[in-house]
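As annotated by Swiss-Prot, ATP binding site applies to GLY43, PRO44, SER45, GLY46, CYS47, GLY48, LYS49, SER50, with the evidence given as sequence analysis. Per Swiss-Prot, the feature domain 'ABC transporter' maps to 10-254; the stated evidence is sequence analysis.
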Amino acid sequence: MVTTTSPVKAESRNLSFYYSSGHKALKGITMPLYEKRITALIGPSGCGKSTFLRCFNRMHDLYPGNKYDGQIVMYPDNTNILDNGVDPIEVRMRISMVFQKPNPFPKSIYENVAYGLRVRGERNKRVVDDKVEEALKGAALWDEVKDRLHDLAFNLSGGQQQRLCIARALATDPEIMLFDEPTSALDPIATANIEELMSELRNKLTILVVTHNMQQAARVSDYTAYMYLGELIEYDDTDKIFTNPSRKETEDYITGKFG
């Protein structure tokens, strides 16, 4: 049983997902995301972790024929973000995403962070300047790049590029951030920096992270969900999942007997 005093920020309700091929990748998942907490998704490759994550900002809309069944409700406005009348662009302003590999745009450091603000329609240069600085500080990158904001983003190291992508996601003031294996392409030092940053971001954001690294899930998350073959097998406090899981399937995966 999950123990928390945090309100629910968003939740999936009986969520299923079908790829255009007809494959049912998610099977009736109901799961909360608690406000200003980190939830980790674990499970073997192909279990549906990333598919589930990408439902939250409607990334699947980019490919014709994909189909959602069920709801994802955001609070406090009780908006089902999967409704046809809800603009996916607006959803992605509220729910930002950081991908597995750093994917900076072929632009300057400054323009990478300013991009989302411009898409949103912000034209005031002072406002954009302030938000770029705020986002870079929020991603713990400002001190490293403040004197070369107009350098190409590709000149940054891999770890710096990933923090730049986090800054880009932060610039539009999202309520939720999605991380899809954000450290899998990084070295141990850069990984530690991203994990520390995620812990700091938890003070103002709700975070959902997919990771194949169970030690990482144990280190950074408050809650952990174990998925298998498109189903949610177990969801609980992270300490409970890793020390005393309720389901044998979870225990077998955690202890390396499976997966």
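Cβ coordinates are placed from backbone N, Cα and C, and glycine is handled just like the others.
Each of the binding-site residues GLY46, GLY48 was assessed for Cβ neighbours inside 10 Å, and the highest tally belongs to GLY48. For the recorded ATP site, residues GLY43, PRO44, SER45, GLY46, CYS47, GLY48, LYS49, SER50 set the reference point as the centre of their Cβ atoms, and the other residues of that chain within 8 Å of it by Cβ are THR51, MET227, TYR228. A count of other CB atoms within 10 A of each Cβ picks out GLY43 as the most crowded of the binding-site residues GLY43, PRO44. When Cβ atoms from all protein chains are considered, those within 10 Å of CYS47 (ATP binding site) total 23, not counting its own. Take the CB of LYS49 (ATP binding site) and look out to 10 A: across all protein chains shown you find 25 other CB atoms.
The binding-site residues under consideration are SER45, SER50. Their Cβ neighbour counts within 10 Å are lowest for SER45. In this model, the domain 'ABC transporter' (10-254) carries an average pLDDT of 95.
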